[in-house]
Amino acid sequence: MNPMTFSLIMMTMVSGTFLVMMSSHWFLIWVGFEMNMLAIIPLLTKQHNPRSTEAATKYFLTQATASMLLMMAAIINLLYSGHWSVQKLINPMASVTMTMALAMKLGLAPFHFWVPEVTQGIPLSSGLILLTWQKLAPLSIMYMISPLTNLNILMIMALLSIAIGGWGGLNQTQLRKIMAYSSIAHMGWMMSVLMYNPNMMLLNLYLYIPMTITTFSLLMINSTTTTTSLSYTWNKLPLITMIILITMLSLGGLPPLTGFLPKWLIIQELVKNNNIILSTVMALLALLNLYFYTRITYTTSLTLFPTMNNTKITWQFKYPKQMLYLPLMIIISTLILPVSPMTAILE
C-alpha cells in the first residue's frame, strides 16, 4: 500500500475514534463511527483476494447496521427528551436499542457472528487493529452510558459472550479464529462488571490490549496462522514460540499470569454485589478458554513433529525494527501480577 494512502487511512481511523471518545453529541459520535468504519475497510482488503473482500463486505454490512441502530436510538431519545446529549439517554427503548447497536459493533453475543469470519479472512496486522483499536470507540460509549443501560440485558450478553467465546474456540485450528473467540469472551467479562464498577472494565481493557498486541505481533514474526504451523516453528524459533504460548495462557487467564488479574478482580466485584451464582458460572465458563489454550500449548511444545531440519535453531534472527515495543508488551502481558501481586487488592 502507498505510504501516503496508508498514513491518510490511519489518520482518519484515529480521528474517528477520538471524535467518538471526546463527543457528547450523538450525531458527532455517529460521524466518528462512520469515519472509523470507512477507514479500516481498505486495511481489511490489503491482500486483494476474494476472502479479504468477503470479510470486508461482512464487516461493512454489520457495522452499517449497527450505525443505523445507533442513529435510530438517538432519534428516539431526541423525540422523548429533546436532547442529543449522551448523558440524557432517558428513554428505555432508546437505551436498549443503543446497547444492541454497541454490542453489534463490539461483537458481543448474540451479535458475534461476524467477528470470527472477518478476522479469519484478513491479514494478521489488520486482525490486530480490528480486535484492539476498533474496540475503543464502542467501549468508551458503553462507559459513558453505563448508569443508563439495562442490567439484565448486559448480564445476558456477558454470559452468552463468555460461553460462546469458550465453546467456539474448542475445535478451531486457525489461530485468527481462536483470537476472535477469545476477544468475544473478553468483551463478555468487561460487560459483566460494567454497571457495578466501570473502572474495572477499563482495567480489563488495558490488560487485554497488550496481551492481544503481543500475541498478534509474535504470530506476525513467525508468519503463523494455524496450530500446525505453530508446532513447526518450535524447531526454528523456540524462544519466540515459548513466549507466544505463555502469552496465550495469560489470555486464557491462567494464574499467576497477568490475564488472571482482571478475572480475579471482576469475580471479586460480582461477589461483593451478591452475584455469587453469576460469578461461579463465569468462572466455570472461563475454563473453556483456558482449555483450548492449554491444548495449543501441549500440541506445540510437547509433541514435536518429525522434521528433516538438522539445524534446530537459526543462527541469526532478523528482528523487525517496527516491533521495538515488543519487550515491554511481553512484560505487561505476562508479569504484572507475579511481579506486583499487591495490585490485586488495591481498591
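Every residue number used here counts from 1 along the chain in the order it is shown.
Cβ coordinates are placed from backbone N, Cα and C, and glycine is handled just like the others.
Among the ranges 24-44, 150-170, the stretch that Swiss-Prot annotates as transmembrane segment is 150-170. It is 237-257 that, among the stretches 59-79, 89-109, 237-257, 276-296, forms the most Cβ pairs under 8 Å with the transmembrane segment (201-221). With a threshold of 8 Å between CB atoms, the same-chain residues lying at least 6 positions outside the transmembrane segment (178-198) that come near it are 106-109, 112, 115-116, 118-120, 127, 131, 135, 139, 142-143, 146-147, 149, 151, 154-155, 157-166, 168-169, 172, 204-205, 208, 212, 215-216, 251-252, 262-263, 266, 269-270, 272-273, 278, 282, 285-286, 289, 292, 296.
Nonlocal intrachain contacts for the transmembrane segment (59-79), taken as residues 6+ away from its ends with a CB within less than 8 angstroms of a stretch CB, comprise 26-27, 29-30, 33-34, 37, 40-41, 44, 88-91, 93-95, 97-98, 100-102, 104-105, 111, 114, 118, 130.
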